[in-house]
Amino acid sequence: MAGLGASLHVWGWLMLGSCLLARAQLDSDGTITIEEQIVLVLKAKVQCELNITAQLQEGEGNCFPEWDGLICWPRGTVGKISAVPCPPYIYDFNHKGVAFRHCNPNGTWDFMHSLNKTWANYSDCLRFLQPDISIGKQEFFERLYVMYTVGYSISFGSLAVAILIIGYFRRLHCTRNYIHMHLFVSFMLRATSIFVKDRVVHAHIGVKELESLIMQDDPQNSIEATSVDKSQYIGCKIAVVMFIYFLATNYYWILVEGLYLHNLIFVAFFSDTKYLWGFILIGWGFPAAFVAAWAVARATLADARCWELSAGDIKWIYQAPILAAIGLNFILFLNTVRVLATKIWETNAVGHDTRKQYRKLAKSTLVLVLVFGVHYIVFVCLPHSFTGLGWEIRMHCELFFNSFQGFFVSIIYCYCNGEVQAEVKKMWSRWNLSVDWKRTPPCGSRRCGSVLTTVTHSTSSQSQVAASTRMVLISGKAAKIASRQPDSHITLPGYVWSNSEQDCLPHSFHEETKEDSGRQGDDILMEKPSRPMESNPDTEGCQGETEDVL
């Protein structure tokens, strides 16, 4: 098993290293800023001017080569259409298409007097204007939008209910559940920030805006023009910053959950209360530091639009810490699975059912995948492509797990938690008992005996005690013994003794002699210490730290 653990560690580090290396070579969103786009256009313009000078020296032609602001057009032939591939330096262009120009018989390019510029056909380059492509892409993104909107909404609702449940029961107040609640809040804030960002941020540069920026005679002026009126982007910049911050906090609270579970397994005498504030600092404080650094760098070096588009290497200020959290969580996951496999191997050595143990390992591993966010490392390792069926499948899977992860986490940490279920059952039993007691008539009425009958329908244990009580009341001596039996409510979990219950005992108990009543009083005094004392809620309700997950 030592060799198995070592191989798991080596395999994990190799996989993590290759994934992070592949991630470092690719842009997370595959987009560029306006400034980066303009720089590429300026470089193409300089190269085109050099080519034009060389072509003019070769001799006269029919239509002169020229730069139109987007494409460097070569020398044209009289009366024919010139076709040039769509330039690869324009991000939004269809790089597999071509642009067209027509050379007139008089040796000049077609000119549109209404627009005061040379005519050119870029319809094949503008891929999002093609009906067959735009309709399919629009439907695809609409499906994604509906899917992750439903997912984040379900996650938000389930997490809100889980927080109310854990916060309501004092017996569930402990460090482990406090960490769970912080994780729930981070998922809810992540969902909220996504909804807000979708409403206030424009995701793409429009065609008209692109043309207005790069179709100028001097594109360098457009860089300065983009910085003239920035007040209109303040709201969406704040939305983007908050989205990145809550996204980072969500990743780091998942890391905190992994660290906490790992310490419970591997650290002897682990004091969870002592490290709670440290976990809070990791989950909320550390992401605030590098997100603030990114915001300052973006405002200083690339203050364009809403900051929703990538700005070169500035993005690594917040992406590198997030990738580090994902990688560290993956290592903790491998180490935890290694311990589980070791325990199962040792259990099999003493003759347990092998298939049952491996099913238990598979179940625990599946739960740990969601708890540690292992699916993030899978999506990081996948190659980034923005076309084809593989990309569409990847987008569906990634957005599905990202949006529904909060729902899965709430099920694991709250709704399937044995302690939470026990507390809910206790509250339900108390509520049923209170309803039954309110429906019974006063004890002084003729139907006072029905009180005992009503209570017997609440729990099966009470029905047995009531039946035996009726039998022993017939004989005088047996009635004294029955009166000394502990009250059936004491057997209910979480039951709290109430003095009002003595007022609803059947009349037959009060018809005993003074001697018997004195003995009964002594017996009751002796029985009271046997009732379960209410223990500290901070410790009693939070036992078994690892059983809920493993």
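Residue numbering: from 1, along the chain as shown.
Cβ from N, Cα, C; glycine included.
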Swiss-Prot annotation: I265 and I393 on one membrane face: no
Candidate set N121, N432, residue annotated N-linked glycosylation site in Swiss-Prot: N121
Surrounding residues of the transmembrane segment (146-169) on its own chain - C-beta under 8 Å, 6+ positions past either end: 177, 180-181, 184-185, 187-188, 190-192, 194-195, 396, 399-400, 402-407, 409-411, 413-415, 420, 423-424, 427, 541
The transmembrane segment (238-260) and the transmembrane segment (317-337) contact flag, 3+ Cβ pairs under 8 angstroms: yes
All-chain count of other Cβ atoms within 10 Å of N106 (N-linked glycosylation site): 9
Cβ-based contact of the transmembrane segment (177-196) with the transmembrane segment (395-417), 3 or more pairs under 8 Å: yes
Fewest other Cβ within 10 angstroms of its own Cβ, chosen from the glycosylation sites N51, N116, N121: N116
Tally of DSSP helical, extended and coil residues in the topological domain 'Cytoplasmic' (170-176): 5 helix, 0 strand, 2 coil
Residue pair N106 (N-linked glycosylation site), N51 (N-linked glycosylation site) - Cα distance, angstrom, rounded: 23
